[in-house]
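Structure first, commentary second.
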Amino acid sequence: MTQLEYARKGEITPEMEYVAKTENIDVEKLRKNIASGKVVIPKNVHNNTLPTGIGKDLHTKINANIGSSTEMEDINVELEKLDILLKYGADAVMDLSTGPKLHEIRKAIRDKTNIPLGTVPIYEAGVETTSQDKIIVDMDDDIIFKTIINQAKEGVDFITVHCGITQDAIKAVDDSERLMGIVSRGGALTAAWIMHNERENPLYAEYDYLLEICKEHDVTLSLGDGLRPGCIHDATDIAQIRELTTLGRLVKRSQKAGVQVMVEGPGHVPITQVKANMQIQKTICSDAPFYVLGPLVTDVAPGYDHITAAIGASIAGASGADFLCYVTPAEHLCIPNKEHVKQGVIASKIAAEVSDIAKQIPSTMKREYDMAVARDNFDWEKQFELAIDGETARKYYESTSTSDEEMCSMCGDFCAIKMVKDHEKANKN
């Protein structure tokens, strides 16, 4: 049975107990949230993934994407990126490999980590199709579903599937005033397949079969936003909302079948529309966990899109988003390297912290309180311990010497906290 089915039967699983303990939440409250579809625990029955809860009343989680491309493929490089994202606190990882060695890379990632692993199966189906000297849109239904079955058996915990890309959705794009059309790689591949074959999307037409596969292995569905806006001009348009309403119906079918499900959200959204997008999604999709890419709140900062995404993600998380997909400085420019991965994870961790302050998560509030106390006490070691990136904080602090170890080089003798404390001490004497 799936975690959702156990929860609905009133049974508390070891996975629920683990999540409740790590989140410091009542396990019965957690069970009810899982039973209602507001929380998922992406954990395939075939692996030893650490149970990680995503959704209502829990810490905001972050995902980091790695993986090869047809232009750059090196297993060791991808594993080095994995080490970095684990070091800086990613809660999940997605392997988005599209190169010939994608099987080897996924297995290496699975063998090296126990955090939830996600994929986009249609990438592998496309690679398999082109390896047979066919064009990618000639992939048949069997390859798509065979790929999903094989990945489920291998222990993939959650899969992004673009079930909302339908013939009607493509018409909505044609009827819209979009500047950039379809920018999701999986969404574009699916749309091209539909147009080439003049048939409905197999993942939509055979959704019940997809649910059977996921139910057998307790693979969590992540319903992809194939029509997400690729620029702020296209945000919250009819095509995006048309797909979202389809996903809302699919959420209900998934939950009815006992399959865990979350929904992916928009990519580029002006800051004035972020909160509304979260509210629309939560309403249409029955409060299923929301997994957002950013959203990026401006289009003119290439090289700094980890910052534009963190701004949007902070608002999104504070407004109800549950799962943040990191964005690196390399977004829109190149395949990310190790430093890009580091910067992307840290930026997303900051956004998650900001989100959890808004959600008043008790352990987050305690961490913020403890940091204030440490600063007031000039307890530098404690500050480094509590910091999201204590390594960098320590490096900056130690980069310059001061006459008094309590002070940093910014203010020196003009340190506001020390000045008041010294006068208070003198007055007492």
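In case you wondered, yes, glycine gets a Cβ from its N, Cα and C as well.
Annotation source Swiss-Prot lists substrate binding site at ASN65, MET94, TYR123, HIS162, SER184, ARG185, GLY186, ASP225, GLY226, LEU227, ARG228, GLU264, TYR291, citing sequence analysis. Non-local contacts of ASN65 (substrate binding site) by the CB criterion (under 8 A, 6+ apart in sequence, same chain) comprise VAL93, MET94, LEU96, CYS325, TYR326.
Look at Swiss-Prot and you will find HIS268, HIS332 tagged as Zn(2+) binding site. Sequence-distant neighbours of HIS268 (Zn(2+) binding site): residues of the same chain at least 6 apart with a C-beta under 8 Å from its C-beta are ARG228, PRO229, GLY230, CYS231, ILE232, ASP234, ALA235, GLY294, PRO295, LEU296, VAL297, ASP299.
If you look up Swiss-Prot, you'll see CYS408, CYS411, CYS415 marked as [4Fe-4S] cluster binding site. Around CYS411 ([4Fe-4S] cluster binding site), no same-chain residue at least 6 positions away in sequence has a Cβ under 8 Å from its Cβ. Secondary structure at CYS411 ([4Fe-4S] cluster binding site), taken from DSSP and collapsed to helix, strand or coil, is coil.
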Query = Any idea what the Cα distance is from GLY226 (substrate binding site) over to CYS408 ([4Fe-4S] cluster binding site), rounded to a whole Å?
reply = 49
Query = In angstrom units, rounded to an integer, how far apart are the Cα atoms of GLY186 (substrate binding site) and CYS415 ([4Fe-4S] cluster binding site)?
reply = 53
Query = Within 8 Å of the Cβ centroid of the [4Fe-4S] cluster site residues CYS408, CYS411, CYS415, which other residues of the same chain have their Cβ?
reply = THR402, MET407, SER409, MET410, GLY412, PHE414, ALA416, ILE417, LYS418
Inquiry  = Please give the substrate site's span as the largest CA-CA distance among ASN65, MET94, TYR123, HIS162, SER184, ARG185, GLY186, ASP225, GLY226, LEU227, ARG228, GLU264, TYR291, to the nearest whole angstrom.
reply    = 20
Task = Which residue among the binding-site residues ARG228, HIS332 has the fewest other Cβ atoms within 10 Å of its Cβ, if you could check?
result = HIS332
